[in-house]
Each structure stands twice: as C-alpha cells, then as structure tokens.
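Take a look at the structure set out below.
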Amino acid sequence: AAAQRRQNDSSVFLAIMVAAAVESESSLTDGDAGALLLQDISEWDEVFRFDRLEAVERAAHAAAAAAFGAFVARGDWTASAAAAFQAAGKQIAFMAAFSTVAGAKGSATVRDADAFAAKFASAAALQELVGNNSPISFFIFDLLFAAILFASKAKAANQAAFAAAAELAAESLFVRLPSLHQVSFFALAGFAAVAAHRHMNGYGSHTFKLVAKDGSVYCSKFWYKADQGQAAEVWKDAEEVAAEDVDYFRDLNFQAEAAGRYPLWELASQVMTFSDFEIDPFNENIPTKVVPRESVPLIVDAELLLNRNPLNMFAEVEQVFMDVAAASKGADEVEDPLIQRQFAYIDTHLSELTASYGIPVCRPYATVLNDQEDGARYDDVQDVLVIAPNAFSASAVEVQIPAAAAFNLAAARVAAAGDVRVNAVVEADQRKQSRQFWASDVNAQKKRLVDAFRMEVASAVSASIQVDVTVEFSFVAAAAAARIAAAVGSAAAGALANRRQIKVIASLAVLAKADAKVRQKNALESSSQAVAVDAKAAAQDIVDSSDAANVVTVAREFAVLPQTAAADAAEFVAAASAKAFSSFPAMEVISVAAAAGAVAEPARASLDLNMAMFFSRIVASRGAAANAIAALVKASRDGVFVAAVLAKAAANNRAAEAIFKFEVRQAVDA
C-alpha cells in the first residue's frame, strides 16, 4: 500500500488510512488565509510519518554544530511585548545551532541553506526560533516540508544523497515556484557557501506577533546580524576546503571559541502593525517573501554572544530539540501555514527524545508545573494527585500557578470562514522578489549566480529537467536564462524560445478587451503547432483572464523578447525557431508593451514611450524600426502612440541597433 501511495507524477496520492485520493499539494484551512485545520488527517499523516522515519540526528539538518553563550538585551522593548527577558540589560542563557539541510551526516562544507536556530532560556521564559541564513523559506505550506527534505536526503537503495543527483534536486528545488527565491537567489548566489558560521547572518524566517500588556499587537521579523561581518566562499575555494577537511565548519567554530575568539551577533527586529501589511504589498503569513529594510528598518534589540563549546557532541548538539511552538509570554505566531508545522516538532520530540522533556540540553530552566507523570527520564515526583480538576486535593497546577501568569495571546486576524482547501504551491506573484533580487545584484554577483546555475543545470541528466529549470529562470532574468540555455544545450534553448513565444501571445489576454478574447484564444491555438508547444492551457487563460492589475508585471516580462527576436533566434536555437518568431510581427510586441504601460500606470505618461524605445531595439535588429512603428501608428491598434513616439524611435534607430547588438553579445558570453 505504501509503495502505491503516490500516483506517478500526479498531484494526488492515496491516503493509507482512508484509502481515498487526496490532493498532495493542498491543505485544509479556515478560510483562504486562516489556520490549518486538525481534521485534515491526510496532511498530518504525511507530516507525522516523516517525524518517525529515521533517528532524529540522521534526518533533517544532520550535519550540525552548536555553541552556548548569553543573550543581553540592549533596550527595553517591553512596550511591544510582555516577555520577561526583554527588559534592558537582562541577560539569559542562549544557544545557537547551525546545520546544513542536505545529506545525512556528511560534510557541512557544501553549498546549501544553513540553519540558524536559537534557544533563549531563563527561569521565567523560554523562546526558540528556527530559521536559516536567508530571510525566507523554501515553501509556504508545511505539507511540502517532507517532500523538500526527501529531495536532499539519502536514497533508500544505496544511501547516496538525492541532492547528488542534480536532476532530482533541480526538480524539487529549482522548478517548484515558491522555492525559486530561496534556492536560486540565495543559495546559488553565494549566501549558502558561507565562509564560516561565525560569518553568517541568521533570520527567524517567520513573522511573529508580539502582544503587549495592554493587549495591543505588533508583528516582528527577527534578524541575527554577524558582528564579525558576513562572508562567503567562491565555489572553487569551497570545493578545495571540503576536500581537505570535511568537517571544516565544525572545526573552525570549535577552534575559534576554544581560543577565546567569541562570535557576536546583533539581534534585530522589524516591528510592524497589521496596518503596515495593508499599506505595503507584503503578507505576514507568507514566509517566502522578504519585508525590505527600506520599508521597515531594523531595530537592534540585543546582543548574542557564543562563548562555550559543547562538551559532548551527541548529548548537547545531536540531542538538542528546537520547537517553534516554544514561546515566552507575549509572543505568538501569525496564521503562517508553514509555522504550523509546530505539531511535527513536538511529535518528533515525543517519539525520539522521551515524553518528559528530561534531556538536560532540552530541559527548560523554568520550574515545570503540570499534571503529567511517567515516561522516560521522568523525575518530577510530587505527592499530589495528577488529575485536574479533582475533588480530593489540588493539583500541582492549581496550587502553584497564579492566574496572572497565563499567556496573553492575540485574537485571530482573520475571522472564521469555513473549511477551504488551499493549494500549497500557488501564491500570487512569487517571482516578483526574485526579479528584484536579480536587479539589485552587481554584475560580478550576477555572473556567479549564472555560473552556479550553469553547473547545476548542466549536471542534470534529464533534458526535461534542464528545460524546466531554464524556462522557470527565464521568468525572472531573461538574458541570464538565455546564457544558461546556451550552455546546457539545444533542448533547453529551444524550449526557452517556445515558452517566450507562448508568453507573448498569452500576455495579450491581460490587455485585450473582453470582445477580443476569443480571437486571441483562436490565434494562440492556431499558432501552437508552429512553435511545437501544447498551448491549450495558455489559451484557456486568455478566456478566463480579467486581471488588469497584472499588466505592470506583464510589461516587465516582455524584457525577455530581445533574445528571442528572429534576428538572433537562429544563433541561439535553430532556423526553424527564427521562422516561428517571425510569424508574430515586432510591431505587435511594441503595441502590447505600450498598452501595458498606458493601462497600468496612466499617471506615468513616459512609460509607454520608454517601452516603445526599448522594443524598438527588436525591430532595429531587423533594420526596420521606423517602418514598423509607422505601420503601428497607422493601424492605431491601441491609441497610445503619437507622432512624438514615431519621431523619437526613428531618431534613435541607429543607437537602438547598437545597444541591441551589445546585449546579444553579453547574452552569449562565455
């Protein structure tokens, strides 16, 4: 039954317990933005099974290192949270655990996302944050947690890591849309090949609610900024270090702290209100997106100092238990569907590390007051009746816990809305921040990212995976995708060209009027054979689309077109592809681009002019810029072009041609 659980490439699996088909990429939630529901048995079956598959020290984040030290509060921020350890000057015990995701218990010196988990413990509070060295996560819903980790763990047949097979890693990490931002633009850009954990920033990943004593609620994202500076290794150096010492990271941290070179981090936060999320285009429940510091500045709250190495690796590192549900008074979670994997953390502890939380490195500093007894390592023996309430004697909880100690939690931001099954993969505009990341990179960093992609994609045996990764990347960085396609072979390059051609046609739907949608649909379907692509799905999008607000994104995506004009298609792909492109006149492209600018941002009258100038480079490469734009103006397709546009385009024809040729050279460089 287990072997037949998943049905090939379908997004449906058979739930073992109920023998029924269940969507594998959706979760049952309380409304579109509400919490996950406990009655979604198929989801928890998937999550809890993963908790029990291997010993905890051989599953996720197995190649770990850790150290101990102190948290020292810099300022008094109890106004925004009631946690006991947040008063100015307060010092409590602190532990940081670093680990890589991929592999079983292999080298930590690999290009991978590195976990940065933190445990803050005092006699009055326990707070644990589980994050990594990028401010975002791989995915949105906890349902995909096991699937992503399986992609980087050992195969059952030979214990070789899945990640060692490039096509499997690419399929699971590069092609899945929510993970593109994390893996492609943080891991491959160099943030994952960190020089040392002491030179690594950390992030809490999720948004947390901070509840003040008066009941007011704030949201916060936590950052750990390395006082030693952030540093990464180039890939060649990382390979050499790994060859010399597979435990380089562990050794480096241990030796530095043994010599008294203690690393220090600043704990900073971005504090927001829910109204801030309504003004800015962010969502507190989506862990795959960054809240830019330009929008919400960082506030430094405390220092984190590590000054003691572990005495026993197994006892103090491999047995350490982090729980995203462990929160001090006044700290609460938002309705983030990924952080609700907290059930899995507790379940893992109970199944692997005893039922009484008795392991010293995991034991809370606070006095334990509850009505629980028995289980491995149980030593809290009390002469009280452990049934509450009861008519014979007060329980430990009733006797010793004052009412004032109760948590003050925030009310749900979203009112109950009924059971809804929400797709765990699709969320609006997951590529936007990847584009912004690419645009903000300097050229040297862009080259490193492209080189990393070339290596990863070229290593994939499957041509279809090469195609999928290259096409997905093209939505974000067109010129770079063309360079990757040229490096990995004609299959990826050809598919990249076809994807762009379909995108040109499908994007017309966003701009088309309702009475033109059927005509656009028919045009797309009739062109599908010419570009050798099944266009039915895109054609249906034309009929269904009514999202005029998306036109800005569409206009920006037209930046992919210079590399797919007929003039250079033969160089990148083949003459047949060049012919396919020529069936859609360049003036059509200019029309769409200009219309996008005019519809989306009418207040910025210069946008349509800029778009026209940009796309005149395409027709300039054909030596017909002035004629094409003249024909477009004569046709008056969209009523956005004027004589000034025509004159400017013609005057800049020669300059546009030179710029376009330069871009082509850049796109196919070595």
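Glycine residues also receive a Cβ, built from the backbone N, Cα and C atoms like all the rest.
If you look up Swiss-Prot, you'll see H61 (among others) marked as active site.
What Swiss-Prot lists as active site is N132 (among others). DSSP gives N132 (active site) a strand state.
In three-state terms derived from DSSP, Y345 (heme binding site) belongs to a helical segment. Feature annotation from Swiss-Prot assigns heme binding site to Y345.
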Let me check the 10 A CB neighbour count of N132 (active site). How many other CB atoms are there?
30
N132 (active site) to Y345 (heme binding site) - Cα separation in whole Å:
16
What count of other C-beta atoms do you get within 10 angstroms of the C-beta of Y345 (heme binding site), across all chains shown?
18
